[in-house]
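Take a look at the structure below.
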Amino acid sequence: MKLSLLSTFAAVIIGALALPQGPGGGGSVTCPGGQSTSNSQCCVWFDVLDDLQTNFYQGSKCESPVRKILRIVFHDAIGFSPALTAAGQFGGGGADGSIIAHSNIELAFPANGGLTDTVEALRAVGINHGVSFGDLIQFATAVGMSNCPGSPRLEFLTGRSNSSQPSPPSLIPGPGNTVTAILDRMGDAGFSPDEVVDLLAAHSLASQEGLNSAIFRSPLDSTPQVFDTQFYIETLLKGTTQPGPSLGFAEELSPFPGEFRMRSDALLARDSRTACRWQSMTSSNEVMGQRYRAAMAKMSVLGFDRNALTDCSDVIPSAVSNNAAPVIPGGLTVDDIEVSCPSEPFPEIATASGPLPSLAPAP
């Protein structure tokens, strides 16, 4: 059940603009636990919310489980290829939870290394509450991001079937891919180059574990527990430092000690097809959040008809606001930015005081 690209885009924009009220604050149905919501089908998600925040997120923390779910939500949904379908092959079910349902197959994909414990923990939550794995992945992502200051409240739609097939292999773009390979793969799934850049806002909260084990959990920007534009700014800084004893897989020099730079991020930040969109994400946390929310809403319904799903966004908590302005890190200036957008000047961004940062591993 697939919508046309035009109708999908229109629906996503409408959904992105219709911001929900807050957890249990936007509807006329009273759940058994006393919460208020827009639809009785949403009531079960309050129980899942409590379970996730207490156990999975270890007290509503913005730490490693959030980073793992951000990998899982992308790796699950991007297993979707209309090109394979057109060639008469199974093209994947999109955001169907197959990474959990068929973990014996999908966790063997190289891109899914290090996700086994998280996938199995999610499986237990889904079974305990009787919810589909596809719905659970989307819900856990929205809840996890709500624990990180500055994050937008993501849309959450429920009603995905728990029936799925294993994703075809080799559909997950990786840090060692070329820009062309990444854009082609994402384009096959329906995403423009601009939307690829928008989705990479998730790297604002990211760290790496398997690309260079010597610097385990090294963050991709200086604020890995805050959803902000520092990732886009810092990826444009000149690479001058090797943060570990040697460079890892798909690793580039970084701007200061402790920060990990993925080759794919560095290339996308400087490629003519994506550089201007990248630069436009550096100066406004609000714009970044709006664009990420819209792109995630689109990704969350890959393989599904959003009109057949139920909007339970009002169950999702709101993140604490982030009022900090974007900055060029201390010890550096705008001259250290590798400006790559020829059509627009680099935005005016203040420089932080103090010395060059040295980052600790992300929690």
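Using N, Cα and C of the backbone, Cβ positions are placed for all residues, glycine too.
Just so it is clear, the model here is predicted, and its values are computed rather than measured.
Here Swiss-Prot flags 1-20 as signal peptide.
Look at Swiss-Prot and you will find Gln21 tagged as pyrrolidone carboxylic acid, backed by experimental evidence.
Residues annotated as disulfide bond in Swiss-Prot: Cys31-Cys43 (among others). DSSP assigns Cys31 (disulfide bond) to coil in the three-state reduction, outside any helix or strand. For Cys31 (disulfide bond), other Cβ atoms within 10 Å of its Cβ number 18.
Taken from Swiss-Prot, the feature disulfide bond applies to Cys42-Cys312 (among others). In three-state terms derived from DSSP, Cys312 (disulfide bond) belongs to neither a helical nor a strand segment and is classed as coil.
The Cβ of Cys62 (disulfide bond) has 24 neighbouring Cβ atoms from other residues within 10 Å, across all protein chains displayed. Annotated disulfide bond per Swiss-Prot: Cys62-Cys148 (among others), in sequence order.
Per Swiss-Prot, the feature site 'Transition state stabilizer' maps to Arg71. Arg71 (site 'Transition state stabilizer') falls within a helix when secondary structure is assigned with DSSP. Note on Arg71 (site 'Transition state stabilizer'): other Cβ atoms within 10 Å of its Cβ, all shown chains, come to 20.
If you look up Swiss-Prot, you'll see His75 marked as active site, proton acceptor. Within the same chain, the residues at least 6 positions away from His75 (active site, proton acceptor) whose Cβ sits under 8 Å from its Cβ are Ile99, Glu106, Phe109, Ala111, Asn112, Leu115, Ile172, listed in sequence order.
Long-range Cβ proximity for Asn162 (N-linked glycosylation site), meaning a same-chain Cβ under 8 A and a gap of 6 or more residues, is found for Gly97, Ala101, Ser132, Phe133, Gly134. The N-linked glycosylation site annotation in Swiss-Prot covers Asn162.
Annotation source Swiss-Prot lists Ca(2+) 2 binding site at Ser204, Asp221, Thr223, Val226, Asp228. The Cβ of Asp228 (Ca(2+) 2 binding site) lies under 8 Å from the Cβ of Gly150, Ser204, Asn285, Met288, Asn322, Ala324, Pro326, each of which sits 6+ residues away along the same chain.
The Cβ of Cys341 (disulfide bond) has 18 other Cβ atoms within 10 Å, all protein chains considered. What Swiss-Prot lists as disulfide bond is Cys276-Cys341 (among others).
Nearest in space to Cys276 (disulfide bond), taking C-alpha to C-alpha distance over the binding-site residues Asp221, Thr223, Val226, is Asp221. Excluding Ser204, Asp221, Thr223, Val226, Asp228, which define the Ca(2+) 2 site, the same chain contributes Gly150, Leu205, Ser222, Pro224, Gln225, Phe227, Thr229, Gln230, Phe231 within 8 Å (Cβ to the Cβ centroid), listed in sequence order.
Residue pair Cys42 (disulfide bond) / Cys62 (disulfide bond) shows a Cα separation of 24 Å. Taking every protein chain shown into account, Ser204, Thr223 are the binding-site residues, and of these the Cβ with the most other Cβ atoms within 10 Å belongs to Ser204.
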